[in-house]
Structure formats: C-alpha cells, structure tokens
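To start, the structure itself, in structure tokens.
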Amino acid sequence: MTDKLIIFDTTLRDGEQSPGASMTKDEKVRIAKALERMRVDVIEAGFPIASVGDFDAVKAVATAVKDSRVCGLSRALDADIDRAGEALKDANASRIHTFIATSPIHMQMKLRMEPDQVIENAVRAVKRARQYTDDVEFSPEDAGRSETDFLCRILEAVIDAGATTLNIPDTVGYNLPSQFGSLISTLRERIPNADKAIFSVHCHNDLGLAVANSLTAVMNGARQVECTINGLGERAGNAALEEVVMAVRTRQDMFTCDTNIDTQHILAASRLVSGVTGFVVQPNKAIVGANAFAHESGIHQDGVLKNRETYEIMRAEDVGWNTNRMVLGKHSGRNAFRSRLQELGIELDSETDLNAAFTRFKELADKKHEVFDEDIQALVTDTITTADERVKLISLKTCSETGEIPVATVTLLVDGTEIQQQMTGGGPVDATYKAIEAIVQSHTELQLYSVSNITTGTDAQGEVNVRLEKAGRIVSGQGADTDIVIASAKAYINALNKILTPVDRAHPQV
Ligand code: KIV
Ligand code: ZN
C-alpha cells in the first residue's frame, strides 16, 4: 500500500530569505500558480507580519490559488498569528505554521527563555492558530540540535493543543542522514499521541545533505517534506523539491509512499523561479540543470541510442524537457502566443499584461528568427517586472571602437522626469552603468554581474543578472535582450527599482 507524501513548498518563504531573492507580489502569485499546476499540496506563501508587502503577497496568493493549501508563517506570538490568520482568510484551504526554537543554544542565547516557558508559548500559539484554521503546523526550530527528551515533551503538548503537523527542522543543516532518520523514528515511537499528527521535515543544505536527510526521514515515517524549487533558501538552501520528488518517484522499490506531483511541470517551475530571482541553475544540477540529461561521451551516447535505460534512470520528458517544444516566429499571431503561454503555465493578470508581452514578443521575433520557450519565459519576466517602476529606460546609445574609449548615452525616466547622461568607461557596459548611476545616484555596490545566453546561436537573447548591495540589503535584477548592452542596462535598472523601494521587513528567525 502506498501512503501519500505531502509536498510543502517554501520557495516563497524560506526561498525568499536567500539574500537577493526577494520577490514582488505579482512574482509570488506567478510562482504560486506554477506550484499549484504542479499539484504541490501546501504552498508556504510568506511571513505575513514581516511587512505590509509580505502580508499583501500572502493574501494575494491565498486568493489566487484554489487547489493547493496556502500557509503563512508566524512566530509563537499572538500578533504574528493574528496577522497570518487575517492574510489567509480568503484561502480555499489554509494553514498556519507557527514555530519557536527548542535547542539549548537558541533557548538560552536567542529567546532567553526557560524550557517550560518555551512549551507554554508553543501551546498558546497553537491554540490561538486553531481559532483561525483547523490545520496548524508547529516547528521546534533547530530541532536537529535539540534534546530528544525536550522535543518529546513539547511535541506531545502541541499535539494536545491542536497541532496537526509536526515539522522537524534541521535549521542549520547539521545532521547526518542516519542520525536524522533515527530522530524521526524515535519521536514517532516515544511521543504517546504521535499518531494524531503528521510528521514533516525541513532540512537545510549547509553540508549538502538536505535531500539525503529528507529522504531518510521519509524512510523513517515522515509524511511531509518541506522543500523549495531549485533548492533555494537561507544560506546553502533547502532540500530541492525536484530532487526529493524524483528520488521518491524513481525509487518506488525503496519507498512506501509517493507524492501527487505532476512532474512534467518541474522544469517550467525551475526556470520561472530562476528567472524571477536571478539565481542561475548550475548546468550539472540534478533534474533541472542543462546537462542533467545530456550525454557527452561517445560510449554513453551509443548505449542510450541502443537502449536509453543503459545510462538513464529517468525520462527527460517526465520532468518537462523537450515536451511539445514549439517554436514561434514573426508570423505567429496573438492566439498562438497566448496558447503557448498557457502551455508553459504562464498566467498573465490582465489583457494589458498580455498585450505588453505580445508586443515584446513581436519585437523579439523581428530580431530573432525563432522564438523558443526560454525566450518567452524571459520576455514575460521582463514585461511584468516593469509594472510599477520609478526608473525606466527610454533610450541607450553606445559607441565602442578599437583604439577608442567607449561612450554611452543613456536617457532615463526617473519619477516622471526625463534625464540624459553621457559617460565613458572601460567597455560599453561599464560606460552604461556609470551613466545610469550618474543619473540615479543610488550609491549601491555592484556585487555580481553575469551574462548568459538564453538559447543557442549568435542571435540568441543574452540574459544578464546583477546583484546590488546597499546598507546590507541585497537585491538582484534581470534583463534579457538580443543586444547584451541593452540587457545589461535593463538588469541594472530592474535591480535599482527594487533597491529604491524602501522595505522595513522583519526576518522570522532573527
Ligand atoms: O529552518 C527553519 O527552522 C525554518 C523554520 C521557520 C521552520 O525555516
Ligand atoms: Zn528554514
């Protein structure tokens, strides 16, 4: 008999806690819709008390998503729980996830609370959350370094208080698989009312063990895994959803459970998250990396051609590679464009967004013979992120010639006023960035600049990723264009628009 393994995606909450990965409300809704389409069971949409923006984003996701349960995070504090309850009130199915730290070091140094006080707070939080929803998850933060006896006490108490899911986080990614697996089976055996709740795990990847720890926990009875697309998350990230799902699906001989995930949408979700956050997927990343199904060596290619199972344990099409790859061109009409968007799982909010994306598509198709799925994904990201920005690119002219100093002339619309600046630089990108900075005077530091091709060929769009830092705040920006200097300007302006929007945002674990 196969049990259900619940997939709880926290890309929009823990994933967003990666420095530079913050997302707008619209971006969160787009990602949530992609997760819903993939049949993710629970979507953790954010930490509503963190800021007004976070509250609005959780509320927007709760309204937009119908088939997945939408969850909001809260510390074990009344105000947090009330805010989460309020943000989730329009959800079809909601969950409040409340947490408090339980390891000796966190209780003494961070909370400055005695263990009994921690239990009292946890119980009160769960009871309060139950006033908003009958689906309440409790996490003893830093469970991976907590004392087992204390975990048993607090978990028994929160089940009695009404918690329906007990999530065991390895917050600092310290555990080894055998140790983490034993912790799950010990808790299940020793907690007298353990059968009244579902055990979940939430593993961080500091030692590269997040997926291994999650899978061992599943083998020891956990029936929910918390994970993120592309393994995004604090520091080294969380367990990667695509790896957990495909490991369980591929090795059904080893697991007594399976997920509901429609794996064919995995690649599209991975690309969407990477495009929105600017966190590029490494080529050798399992499942979603460009080389994950590529066979370089002659011996492998020969084997795969004779019988693919010689070297392939999964089918590339099952996770969304090469499926229905239709190329659009300059003669493709609005309907073809619209239906391709639907097939890619891209839902635009309004006809205005669709028109803007279609105009961009036509411009691109004029420059480029064939427009691929990756191009469409990039142009939609570009179009949507230009919605309410303070700085807009009006025009850019660069001049570079052997033996001459490159010059860039940039015209921007800043808060409605058109301003032009000309600067020289080491190269056309450098000159462009200096001209933009001379206009905007953001005083930010450029921490990362990278350019990659979206598809192959010299007519491919270049995709530029930048990361800017100001007073400890890090943002990323993306831009795509067949001209990489223009793509560079778009990426820089995209990041500037984020950094120019002040945010006063609380971090849940600090
Ligand atoms: O890593 C962690 O402990 C968390 C909790 C809030 C569940 O993200
Ligand atoms: Zn976490």
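Positions of Cβ are set from backbone N, Cα and C atoms, glycine also.
Straight from TrEMBL, the features:
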| type | residues | note |
| --- | --- | --- |
| DOMAIN | 5-267 | domain 'Pyruvate carboxyltransferase' |
| BINDING | Asp14, His202, His204, Asn238 | Mn(2+) binding site |
| REGION | 392-510 | region 'Regulatory domain' |
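Feature map: TrEMBL annotations on the structure.
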residue : record              : DSSP (3 states)
Asp14   : Mn(2+) binding site : coil
His202  : Mn(2+) binding site : strand
Asn238  : Mn(2+) binding site : strand
Structural state census, the region 'Regulatory domain' (392-510) (DSSP three-state): 29 helix, 51 strand, 39 coil
Contacting binding-site residues for ligand 1, chosen from Asp14, His202, Asn238 when the Cβ sits under 6 angstroms of any of its atoms: Asp14, His202
Cβ-centroid neighbours of Mn(2+) site Asp14, His202, His204, Asn238, 8 Å, sequence order: Thr10, Pro169, Thr171, Cys203, Asn205, Ala210, Glu226, Cys227, Thr228, Gly233, Glu234, Gly237, Ala239
Among His202, His204, which are binding-site residues, the residue with the most C-beta atoms within 10 angstroms of its C-beta: His202
Those residues of the chain, 6+ apart, with a Cβ under 8 Å from that of Asn238 (Mn(2+) binding site): Thr10, Asp14, Gly15, His202, Cys203, His204, Asn205, Ala210, Glu226, Cys227, Thr228, Gly231, Leu232
Asp14 (Mn(2+) binding site) CB neighbourhood, other CB atoms within 10 A: 26
